[in-house]
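Database features (TrEMBL):
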DOMAIN    16-89  domain 'PAS'
DOMAIN    92-144  domain 'PAC'
COILED    128-164  coiled coil
DOMAIN    163-234  domain 'PAS'
DOMAIN    294-508  domain 'Histidine kinase'
Amino acid sequence: METIYDHLNSINDNLDNNIYLQALNSAKSGIIITDNRQPDNPIIYCNKSFEEITGYLHNEIIGHNCRFLQAQDRTQPEREMIKDAVKNGKECHLEIRNYRKNGTLFWNELIISPVRNKEGEVTHFIGVQNDITDRKKAENELREEKASAEKKILERTKELHDNEAFLSSIIQTVRESLLVLDSDYKVLSANTHFLNSFKVTPEDTVGKILFELGNHQWDIEPLKELLTKILPTNNPVIDFEVEHDFPYIGRKIMLVNAYRVEFEGQYKDRILIAIEDITEKKEIDRRKDDFLSIASHELKTPLTTIKGFVQLLKRMAPEEASDKFLTTLDKVSVNVERLNNLISELLDTSKIQSGNIEIHNEPFKIDTLIRDTVENLSLATDYKINISSNTNATIFGDELQISQVINNLISNAIKYSPGSDKIDVYCNRVGHFVKVSVTDYGMGISPQDQSKIFERFFRARDIQKKFPGMGIGLYICHEIIAKHNGTLWVESEIGAGSTFNFTLPIIKENRNGR
Ligand code: ADP
């Protein structure tokens with residue numbers, strides 16, 4: 001049987017024209033044969049691809065040991081593996097950095113196989129090499145990309161952890177109780193403020209159904225109704241006031257806000273509940289209201305007496321009384337009246353607060369009321385107050401109170417439009433209502449303030465020092481109009497002026513025969 005050794009010999013014999021040679025030359029891999037019997041194991045054959053891969057010419061290759069491919073890069077561990085394979089006549093398969101004739105690096109996937117003669121002696125080695133530089137480059141790039149992606153993931157994870165820690169420290173420090181529930185109202189987390197305020201431990205709370213917490217102390221019917229009926233419709237619960245007597249901490253008034261939080265994926269349908277304890281604030285408000293009510297009552301009584309005495313003094317003034325005496329008396333009278341109005345406003349406010357405002361409803365003509373009120377006001381101002389009011393509508397309401405509203409709106413229009421000289425008062429029918437509008441061309445009101453001016457004691461910051469007032473006139477107007485089933489609102493632009501509008505339902509014409 002012919003051995004590989006015989007084959008090689010025949011290749012050697014007919015190196016130029018042998019069919020094997022053609023086969024070797026058409027291989028894509030670089031192939032060399034070294035003669036192990038000669039000193040330094042020289043290359044005795046190389047194919048065309050070997051020349052192409054290395055850039056060396058045939059005559060620069062034959063006779064050399066393969067190590068010239070390593071140039072100066074001699075510390076690679078793969079070199080030892082080759083040495084070992086050659087020394088022990090073993091096969092080896094490895095990837096090594098080699099250098100072309102022009103000095104450029106290429107990655108060589110090298111397979112070295114020993115060739116033995118009949119006696120088992122290693123006479124030759126066959127080396128097959130593939131240029132895997134592109135693959136190595138792609139592998140390297142992939143490795144670098146992976147490393148950079150991993151680095152980014154690590155950084156991002158750290159950032160997320162930091163953010164989470166940051167958020168959780170905020171949640172733990174806010175002075176508001178916060179609860180997160182799952183869609184079955186089971187508590188997933190409760191912040192420190194909640195635990196401290198309601199005197200419960202995390203063990204008593206987390207994992208329990210809200211309504212069963214602390215022996216069902218949170219089983220509060222209006223709250224349950226809101227959370228189970230309103231929230232699922234995707235509407236948040238905003239500033240809902242709940243009053244409840246808790247077993248350990250007593251009666252509490254709470255402002256509850258609840259939102260459904262939907263995060264993609266894992267956080268599906270969670271409920272965030274924020275509970276603000278407004279018990280103390282309510283108590284302070286109550287005391288303030290009590291104080292206002294008592295103070296205005298106490299002030300009103302002596303003032304009424306003073307008013308009476310001033311009127312008496314006016315009547316009793318002797319014929320020969322000096323002008324100075326009479327004008328002084330007039331001034332006293334005007335200021336007593338101003339004081340009286342201020343105290344009346346305060347009294348009205350506390351009456352509204354306690355729900356004790358009385359309405360004496362009677363049918364009246366709105367056009368006449370507007371004209372009379374404006375006429376009265378015109379006596380004390382240089383402003384031209386234009387009226388357009390021909391509705392012939394009859395209102396069923398408290399004429400005095402509606403007059404007070406018109407009076408207040410026009411007085412404000414005059415007060416807050418220095419530099420202007422006219423006010424327009426319109427009254428029109430709109431459906432079954434009349435709409436009364438008071439327009440000034442003064443300073444106007446900013447959009448932020450527009451939402452607050454009907455609150456008690458609110459005054460726009462920039463005018464506080466320039467104009468006197470207590471910030472309760474509009475609050476009273478708003479309440480009066482609401483009691484008459486109408487609405488009061490404002491349209492305004494800073495620097496251009498304001499229009500205060502209110503509506504009142506018109507009485508059915510056939511009811512009182514007018
Ligand atoms: P007061 O006039 O005593 O401050 P009001 O309740 O009547 O109290 O008005 C509340 C606030 O609304 C005022 O302080 C002022 O800032 C603003 N305001 C009311 N009317 C006007 C107006 N016509 N133009 C501009 N600002 C106004």
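Each position is counted from 1, following the chain as shown.
Each Cβ is built from the backbone N, Cα and C atoms, and glycine gets one as well.
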Legend entry - Same-chain residues near the coiled coil (128-164), Cβ under 8 Å, at least 6 residues beyond its ends: 28-32, 50, 53, 95, 98, 105-111, 113
Inset, instruction - Please work out the helix, strand and coil residue numbers for the domain 'PAS' (16-89) from the DSSP assignment. - result: 35 helix, 10 strand, 29 coil
Inset, instruction - Average the pLDDT scores across the domain 'PAS' (163-234) and report the rounded value. - result: 86
